[in-house]
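Participant: Before I ask anything, here is the structure I am working with.
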There are 2 protein chains.
Amino acid sequence: MASSAFISAAKVVVGLAVSGNGSPSGAHADRLSVPGGFALISLSGISLASSPTLRFPQQRSRQQQQRRRSAPARAAAVETLETATAEGLVEKSINTIRFLAIDAVEKANSGHPGLPMGCAPMGHILYDEVMKYNPKNPYFFNRDRFVLSAGHGCMLQYALLHLAGYDSVKTEDIKQFRQWGSTTPGHPENFETPGVEVTTGPLGQGIANAVGLALAERHLAARFNKPDSEIVDHYTYVILGDGCQMEGISQEASSIAGHWGLGKLIAFYDDNHISIDGDTEIAFTEDVSARFDALGWHTIWVKNGNTGYDEIRAAIKEAKSVKDKPTLIKVTTTIGYGSPNKANSYSVHGSALGGKEVEATRENLGWPYEPFHVPEDVQSHWSRHVPDGAAIEAEWNAKFAEYEKKYKEDAAELKAIISGELPAGWENALPKYTPESPADATRNLSQQNLNALANVLPGLLGGSADLASSNMTLLKMFGDFQKGTPEERNVRFGVREHGMGAICNGIALHSPGLLPYCATFFVFTDYMRAAMRISALCEAGVIYVMTHDSIGLGEDGPTHQPIEHLISFRAMPNILMLRPADGNETAGAYKVAVLNRKRPSVLALSRQKLPQLAGSSIEGVEKGGYIVSDNSSGNKPDLILMGTGSELEIAVKAADELRKEGKTVRVVSLVCWELFDEQSDEYKESVFPAAVTARISIEAGSTLGWAKYVGSEGKAIGIDRFGASAPAGRIYKEFGITAENIIATAKSL
Amino acid sequence: MASSAFISAAKVVVGLAVSGNGSPSGAHADRLSVPGGFALISLSGISLASSPTLRFPQQRSRQQQQRRRSAPARAAAVETLETATAEGLVEKSINTIRFLAIDAVEKANSGHPGLPMGCAPMGHILYDEVMKYNPKNPYFFNRDRFVLSAGHGCMLQYALLHLAGYDSVKTEDIKQFRQWGSTTPGHPENFETPGVEVTTGPLGQGIANAVGLALAERHLAARFNKPDSEIVDHYTYVILGDGCQMEGISQEASSIAGHWGLGKLIAFYDDNHISIDGDTEIAFTEDVSARFDALGWHTIWVKNGNTGYDEIRAAIKEAKSVKDKPTLIKVTTTIGYGSPNKANSYSVHGSALGGKEVEATRENLGWPYEPFHVPEDVQSHWSRHVPDGAAIEAEWNAKFAEYEKKYKEDAAELKAIISGELPAGWENALPKYTPESPADATRNLSQQNLNALANVLPGLLGGSADLASSNMTLLKMFGDFQKGTPEERNVRFGVREHGMGAICNGIALHSPGLLPYCATFFVFTDYMRAAMRISALCEAGVIYVMTHDSIGLGEDGPTHQPIEHLISFRAMPNILMLRPADGNETAGAYKVAVLNRKRPSVLALSRQKLPQLAGSSIEGVEKGGYIVSDNSSGNKPDLILMGTGSELEIAVKAADELRKEGKTVRVVSLVCWELFDEQSDEYKESVFPAAVTARISIEAGSTLGWAKYVGSEGKAIGIDRFGASAPAGRIYKEFGITAENIIATAKSL
């Protein structure tokens, strides 16, 4: 494209400052195009319009750099107006971000250009002027965290990481946007792209993750900061859109964030009035800011998010000054800003602009460059972040060395949280049980484990969605994490399962040594499944403490009784579904859960008392499946009975009866299918010899999936209907989850 | 208990009118006990205290009855103050409700007495003074709907149904509370207890169901009412508690209800400041009323929900006067009102009071009766609802007869919606395809079916969670259901999957002939799974249109690609998981979905184009699994290939190749496992002969579960990891979901 061609037509689409919650209907028709792209530049009195590369001589950019090199200077940038010329460079940088997004989506012919085009200004200000990070160490502990909750706009984040100098997003990676094996997948994924903090895309998850990140900061700051050393001190920024706002999970997380008063959480609500189905008028007309006021947030409205850079800066300054409340900055933007024919419409949300419209947008925004080009002055301007980032980290490291000298124990604990290294011998804290230990519900045994572990694992913290006294999740030696007591470790999530799960993902991804657990009734995993799936995908080792795990809960009835839940998690990739049968197995489940820091664990626990079984063991649980008892020899019993959790006891009873009748019977605990499937073929054969086809499984849940272990000739005893409201014993009997049924089935084989 | 013993000590615990959203901390300590049980009675100047049965002579009660017999008179009751004596009877009735709950929970030694004790006043006023219903026909079409969203307090509803004269809840049934086979399960279940509209317990579902019920009323009223005949005209009432309010689903449903301006939805928020973990101060301090203002609701605060009966009545009157907004009445109550030692504490939430406290509560509230006793005057007072209800229904029937004369076609359509009878020959509208029909994505074929069906099924309505243009769910002949156009049938749910599902449950349970469908990407069933499970449990025949059903969606990546979802629904009771492979199978899936009015259907549909296969059929889908092609004879092919949806094409290709090599190969479509499993053993053998053990399944999802069909010697080709972001073809290839892999696997068998 000739650089001279675009000048006369330079236009931008102005932001629609829609008033209040008012109707932007007719906005499409009213779209205005006015000259403006270079308005700020002309104020500087320097005529640069015909040669963009000349506009901001490197020299000026270097002066700028020097002014900004140290962290305090950068913070000051938020507080002072840039010169008009600097604003010109800002605009150029913003357009660089826009075009990197446009070009990447165009090349992939897939993706979402609209958000990056609209949010480029806030993205630029955050990464270039506000945030503290080290591009060469994306895991620098004290960095500010950024979450793009509206994850479909990921090209915004990739462009920013690229400009900031992260090695994970080179030009070549941007060219590979959404391609096999690239670091630039279709939505932000922390496990693919260092610099991305969490995994977003499913709407509303990111804001809840951000609440978790901010909680972690608040908690660690309260535990470790000293009057003379703020060793933990960072902000959490998040951009969320209309879609995130409509999701219930965002309400849950925002409500509890307001309750906790997480003052260092700053959320930008990209108020662009467009979602996939069109104008938000068709389904979303609530007053979002008023809602956040009601939730106890501080709210600010930036009316011109497209070009009101100072408005954005002032809002961030104001947000930082409010220390006892999280802040929502509603930023009214135009989706697809700059595209003359598609801006402010759903058509720019989730499709490539198309060659013609890309051209028109280049012309409109005065962009003469080749695709994927970062102008030199922009590159030069951003290049300071590598040395700046290194300096920031070095400064913190020096600070930590000082801290370590003064506060040795705290420093060691914080170090463990930062590194994720488990204290030597931690597993010795796990309680042990013998068959003589009293019968107990695994939910109670779970509490014994949690309390034992809290003594040795400095990063263990968590709680329940308003069922602490049923889930048995309270850590007795700690108080509640609350606004006034953020150093405590019992988290009260309220009845907000979905938010809870996503908050825990944020906590887990804040620091490798944070071990969040969270709890509800097992059936209510249905409320939080989307967050749990993301735990699995994003490798957040959250421990899900799920009690009341079957019809064994009795009277609450079918709405509360899980049936299909075990198999539904067994089928989910990268998550461990554990259903311990007694004390040793519960301890084993915790051992596995703590060790698997990149694979979340779901512990299904009983409401009802269970005996301590002979033969159960922690080591057995680590193998996923193992022989609990056997009266045969030569690896060829007459019958193999297998079960999990509360039904293992029933299998043991049936085996005892059958043995009395002279049969050789093996009882196998299949406490974690995923771990068992990972064992060697030899081990598997030692547990389930191919030659033994008489096999019966028993589990108070769906029989689906058990065919894998019982084989074509075996039988699965389970429940393939909904539960019922009655005392548990009665339901077990009516549903045939009994030793008698096992024995009868065994005889039929 | 001696009736003379309790008088002197008659006390009530006064309601705690906690100001604003302020802290009720210290409330336990400040609890006051003042004389009050009979304060209103003494105002009447009649001394009745020592003989409760004399207090309200039947004669007075009958006068009362006559004053109230007709519906208009009952409506007037809301508008005028009762006499003091009548208020005494009201209080006695309220205490009857309380003690039925107390006694039932005590006998079961399980349940939740706190809510019924606190909400008995609003419950009484609703069922005795406000609501329009016919106890002898719980399904009377034009009845007011009541939903107890805080379903754990179900004894409130059972007590009310009992007093009102519903046959489903006799004294004997209340005594069987939470027992095997009773009509009084631990949470309200519409399929167990006529008079209960929906199934609640999992928090937040009920308020969303209520939004669906109110939507249905609004829609049908707009379609069928005439200037001279309001043939559809009822209110929807709902009680929800703090738990419901904390759940994201309630925010989603409340936000869209405000958007739709559902003026006949009246929600009572039981603001008792207690949830299971204790005071709501620990996790829930948002300003709920301000939030609802922001959502576009009308809000009212009843400060004394314990004894402020006139306040409650006035609030309902005010709510009814606001016609363009739903109303939230925040009713501040005391949980466990009347229990001297447990009121206003979590201990009364979910456990029996215990014999001693029951005694103390009887004394405190002046209740001399045996457990489960309904005093004669109370019974007599309530007895009018049976004749009144019959009269209300008869009046409506007469009105409908008039309507039918004038508006024959509309009447026929409305009748079909009320009865659920499908129009004869409706299935002829289903589109048919031949192998020559153009290849197409099943999501597009789904839209053809939806549009064809909308022409013949008057009750079909629905939409998407902001993905209408991706899910292909728009009905082209209709506009949008909106505040100003409620007669239309395209529902815009916004990005609110969970609310959407529960709203559809409400629509489906409003009238048997309403067929709601709703849509999102298949992976986002994770956001709405709790509502889908309740569809299955409560027998709401919702049609879930779930597109982008595999890695075939390509670039959006693993956050958007379902893996474990098919099996997770196959394991869920009473729901049909259908994954059609082409046009005929999509039509078959819709046939099944429409016919299964008490079993919801999930349709997994492709984003990508698929060919029309030879051998596919609607009839085949109805059997769940069937032979698509076979070149063998004698029911003994060398190999059986099976698959579903987009992978069936791959199986067909592989079969073609293998046949070229001289093998006999059968291809089976297993489009719906649940239906196939219901077929006769003979049919199953005809599809999967036991003698043929060389079997391969292919499906772009978890392999778990397939062992059931491929057997111990077969192989399942699938995906047991998360997906990836790349063009779909590349992912298929990388993951081995290919004909080549089938062929190689076949050769290895």
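The backbone N, Cα and C atoms fix where each Cβ goes, glycine too.
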Participant: Among A:His152, A:His565, which is the one TrEMBL gives for the thiamine diphosphate site where A:Gly201, A:Pro202, A:Leu203, A:Gly243, A:Asn272, A:His349, A:Phe524 also bind?
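Facilitator: Among the candidates, TrEMBL records only A:His152 at this thiamine diphosphate site.
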Participant: Per TrEMBL, which of A:Asp233, A:Asp242, A:Asp310 sits in the Mg(2+) site along with A:Asn272, A:Ile274?
Facilitator: A:Asp242
Participant: Tell me the Cα distance separating A:Glu497 (active site, proton donor) from A:Asp556 (substrate binding site), rounded to the nearest angstrom.
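Facilitator: Spelling it out, the Cα of A:Asp556 (substrate binding site) and the Cα of A:Glu497 (active site, proton donor) are 19 Å apart.
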Participant: Rounded to an integer, what is the Cα-Cα distance in Å between A:Asn272 (Mg(2+) binding site) and A:Arg443 (substrate binding site)?
Facilitator: 47
Participant: Compared by Cα position, which of the recorded positions A:Asp242, A:Ile274, A:Glu497 is the closest one to A:His349 (substrate binding site)?
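Facilitator: Closest candidate to A:His349 (substrate binding site), judged by Cα separation, is A:Ile274.
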Participant: Checking the contact step here: among the binding-site residues A:His112, A:Asp242, A:Ile274, A:His548, A:Arg607, which have a Cα within 10 Å of the Cα of A:Glu497 (active site, proton donor)?
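Facilitator: So the list reads none.
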Participant: In terms of Cβ proximity below 8 Å, which binding-site residues out of A:Ile274, A:His548, A:His560 neighbour chain B?
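Facilitator: Sorted by position along the sequence, the hits are A:His560.
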Participant: Any idea what the Cα distance is from A:Ile274 (Mg(2+) binding site) over to A:His548 (substrate binding site), rounded to a whole Å?
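Facilitator: About 42 Å separates the two Cα atoms.
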Participant: On a simple 10 Å Cβ count over all chains shown, which one of the binding-site residues A:Arg443, A:His548 is most densely packed?
Facilitator: A:His548
Participant: Out of A:Asn272, A:Ser470, give me whichever of these binding-site residues has the highest number of other Cβ atoms within 10 Å.
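Facilitator: Of the binding-site residues A:Asn272, A:Ser470, the highest Cβ count within 10 Å belongs to A:Asn272.
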Participant: I'd like to confirm something. Which of the binding-site residues, A:His112, A:Arg443, A:His548, A:His560, has a Cα closest to the Cα of A:Asp242 (Mg(2+) binding site)?
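Facilitator: Ranked by Cα distance from A:Asp242 (Mg(2+) binding site), first place goes to A:His112.
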Participant: If you average the pLDDT over the domain 'Transketolase-like pyrimidine-binding' (A:440-612), what number do you get?
Facilitator: 98
Participant: Just checking a number: largest C-alpha distance across A:His112, A:His349, A:Arg443, A:Ser470, A:His548, A:Asp556, A:His560, A:Arg607 for the substrate site, rounded to a whole Å.
Facilitator: 48
